[in-house]
């Protein structure tokens, strides 16, 4: 198979999305005064659904994130209530796709937690999660909800493991243990029967999640993969990464044959990570650079050249991360096909950016709004774990989104015990520590030794003072 090197020049063709443009919300419709986290972990630190916006914040001691009702735009007060139960920095947050007030978070404290946000948002700080999940022996960097099954959550830790949690029982039920380094990204195909991962070991994998079997694997030497995304039901994957010349690059792959990418395209010479976002309804791909303000967008085709450049949204304000509104939260009357929530750290600002198809007609545009995955799960956890696959239950956006999910999250009663998956106690079998972790431990212990030495020195001085006082007391005339 030959790899097609694509030209950087846009190849224009007839497309209903050729003139899509990005529209930034007015300042009063932004969220201002937010202490966005300064953590350098390569995640979005933002999650959004049709009711709430969640942002990971900078905090002293432990980790926290804000949950703001979408209608509550404008300046957020410094004492606004937070979700603050984690003992370490929060590294990822994701809303449950089927229950809109349930959010999952993971942290450096090795835990995954499930939070239930009250109607109307938080009135006071929330410190008690409805579920605390312990199974990883290192910090947990990623969480992902299964796209068609209720209460199935995936988490990836720095112990190189992916755990599959059944939240009906609050336990890990499967473990994917095929990675040899930190997992950078996870992405599901449309029905959730396949999981694609990128890893720091420079390998791209397609995994059958229930068995943990690796179906396809690519060793990416010329294209160092950072992020991966399934392109809907096209049986293709798109990865973003770095070329051998340290330029930002994207590659398209056949999910059934990862021996060679179908195409590779160099984007630019900037150093920030490229976040890919795919809209299966419009077949549009968005590429957003971390640390710059640009969002490029393409149309994905089934035939060569596969990738057709459309346009680029430019902004001088650099983005730290981006949240994406689910389809049922978009404004169909404005022909909005995608909406980003951009984190601008320097300004403490969350800025909505709407991608709009320019149309003169005010009627519903059925050609740009096909039936789309809705808020009803297609499977129960037991059905999915038994081997069933089912496409998502679709909904129409024609009448606007009014339907609320009838599903309620019920936390199982749990007691602390060993966590056994695949015959291995996860809390007992701790993998060897990385060099960075050993260095951190060494410096912490050095600090502790210095502190103890200072305490001993202070006590030694105090003992000498008491001895001197005692000697003076004995030699005083009153005692003679």
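The count begins at 1 with the first shown residue.
Glycine residues also receive a Cβ, built from the backbone N, Cα and C atoms like all the rest.
A mean pLDDT of 89 is what the model gives for the domain 'DUF1899' (10-74). Marked as domain 'DUF1899' by TrEMBL: 10-74.
According to TrEMBL, the repeat 'WD' annotation covers 83-125 (among others). Here the repeat 'WD' (83-125) has Cβ contacts under 8 Å with residues 37, 39, 41, 43, 45-52, 54, 56, 59, 62-69, 72, 131-145, 147, 150, 153, 155, 157, 165, 167, 326, 373, 375-377, 404-405, 407-409, 411 of the same chain, all six or more residues outside its ends.
Using a Cβ-Cβ cut-off under 8 Å and counting only residues 6 or more beyond its ends in the same chain, the repeat 'WD' (133-175) has close neighbours at 41, 43, 88, 91-99, 104-114, 181-183, 185-188, 190-192, 195, 197, 209-210, 212, 373, 377-385, 389-392, 407, 409, 411-412, 414, 419, 421-422, 424, 426-427, 429-431, 434, 437. The repeat 'WD' annotation in TrEMBL covers 133-175 (among others).
Among the features that TrEMBL reports, repeat 'WD' is placed at 176-217 (among others).
Feature annotation from TrEMBL assigns coiled coil to 449-476.
Away from its own ends, the repeat 'WD' (176-217) comes close to residues 42, 141-142, 144, 146-149, 154, 156, 158, 160-164, 224-230, 232-233, 237, 239, 241, 253, 255-258, 280, 378, 384-385, 387, 389-392, 422 of its chain (Cβ-Cβ under 8 Å, at least six residues beyond either end).
The DSSP breakdown of the repeat 'WD' (83-125), given as helix, strand and coil counts, is 0 helix, 22 strand, 21 coil.
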